């Protein structure tokens, strides 16, 4: 069994029609409910919910505080490699982009780690492209073992793997895997991923199932906004979340909200997602689910990030470099995408504290992994 | 005789236990805990850096009145819980452990099977075990049988602030227990805490309701007073609730006339 069965019960076009047909009166009624379900979520992400944005934001703020308290979890990505055998039309690391390719050596990884540790981080996210010969499972496993004494919590965002491979990495100390579907629209997915292992839509769709079966502690899901209608993609993400929660009930889940950012090679987003849309979506997720972690990267602007921490976000990165070696080894090399908020960790920390939140660097222990 | 609470080798004047999560800063946490006059404060092992003597949470819990109660939040099995407890005993120099095994990360509901297994093992290893559990009277007796020093049934799902939703089962637990009963989780207002104490709970544990309040320090103090009031009322024996007035005895008053 996998998410495929659930996924196939829904039709993109029908969902799109339903979401855009929701009325203001229906939204008002749904906001009176104590418990928001998947059907209600459609209304909350619909254009008809726009007049209720402030009301949704207030409720999201309260629910988030009740569950997560006045705290904000900090994390930082570390890019290990930009080698990639996939073509993704929107990505700076795409195989056809003529950029210098780099995979960090042990000594370089440790140099990056020492810089990252000096900034105070204890939760790290390892990122690679998909190049099985150079950055396959054995490279990743080795990297985890190399750094695991330095971090309480290790996550990764790499190519989808088989269940047994995930089991190996979990045993080595991996806590979480982030794997975004990019889009749940199969035809559009194929357009943006014409070549490489990533072109297999179904294998990617079933990745969280393989992770769940491998007993991972946390799975991060999401869609890349800009490829297709964000509302329909987000409904599918919520559907995926609910399915996973019921099936792999010991696993935690997080959602991320990547919007397309400029990069080397550039395609303009097909569908624009405004700041107001993103706020609406974050609040809708929180109303649907009190406990899901909602994560915010440095893709977003300073002003947006300053305000969004009140609206449902529970973890945030700062000072991110999206190039391998970006912290100390090769700070000038080419990035996967341009980050928008370039403030230092200390500045972000001060910004969060000034808004009445405790900045949390450690919320796990390596002894548990 | 003074009304004191005794768990294992410790005597508590305060029947309000508190936690350290969700506060807006370590400073606010410290002040709120001091205002609550709590003497037992639980701290998640995963949140503290056991290797760092200057850890932000621990360095704010140095008052001599405060006893640390490390908890195993985050573990999913008995085996992991036992490992975490041993780690904690070594690093924090206490054999007290709040046993929390909630493999479900959504509602954080305790796993009764793993909890019982871990409790048995930890008691053998010399720990003072305080297990967080459902309000399940049979499980409480089973835990008592393996030697835990108290039981900590929930009033409602943790962090929900919903109050004493498990009342009927808590009453049975309180009636049957030979060890202190501490209502843990779900208490969202001082009135809930007072109510649990009126039912005869030996203590309550409150975290979210204090930490997430607009004024955690005042709320810590409010909970202190509520717990004292509830306890005092319990000891003074509450007057029974009556459905209607009972002015006369229509069926038996003839006895006075014979």
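Quick reminder: no glycine exception, Cβ is built from N, Cα and C everywhere.
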Additional site residue, B:126, B:147, B:159 [criterion: listed by TrEMBL with B:185, B:186, B:207, B:208 for 1-deoxy-D-xylulose 5-phosphate]
B:159
Enter the number of other CB atoms within 10 angstroms of the CB of residue B:208 (1-deoxy-D-xylulose 5-phosphate binding site).
22
Looking only at the domain 'Thiazole synthase ThiG' (B:7-250), mean pLDDT returns 92
List nothing but the largest Cα to Cα distance in Å, as a whole number, among the residues B:159, B:185, B:186, B:207, B:208 that the record says bind 1-deoxy-D-xylulose 5-phosphate.
9
Using all protein chains in view, find how many other C-beta atoms are within 10 Å of the C-beta of residue B:98 (active site, schiff-base intermediate with DXP).
27
If one measures from the C-alpha of residue B:185 (1-deoxy-D-xylulose 5-phosphate binding site) to the C-alpha of residue B:98 (active site, schiff-base intermediate with DXP), what distance in angstrom results, rounded to a whole number?
13
To the nearest Å, how far is the Cα of residue B:159 (1-deoxy-D-xylulose 5-phosphate binding site) from the Cα of residue B:98 (active site, schiff-base intermediate with DXP)?
17
Filter the binding-site residues B:185, B:207, B:208 down to the ones with a Cβ under 8 Å from chain A's Cβ atoms, keeping sequence order.
B:208
What is the interatomic distance between the Cα atoms of residue B:98 (active site, schiff-base intermediate with DXP) and residue B:186 (1-deoxy-D-xylulose 5-phosphate binding site), given in whole Å?
17
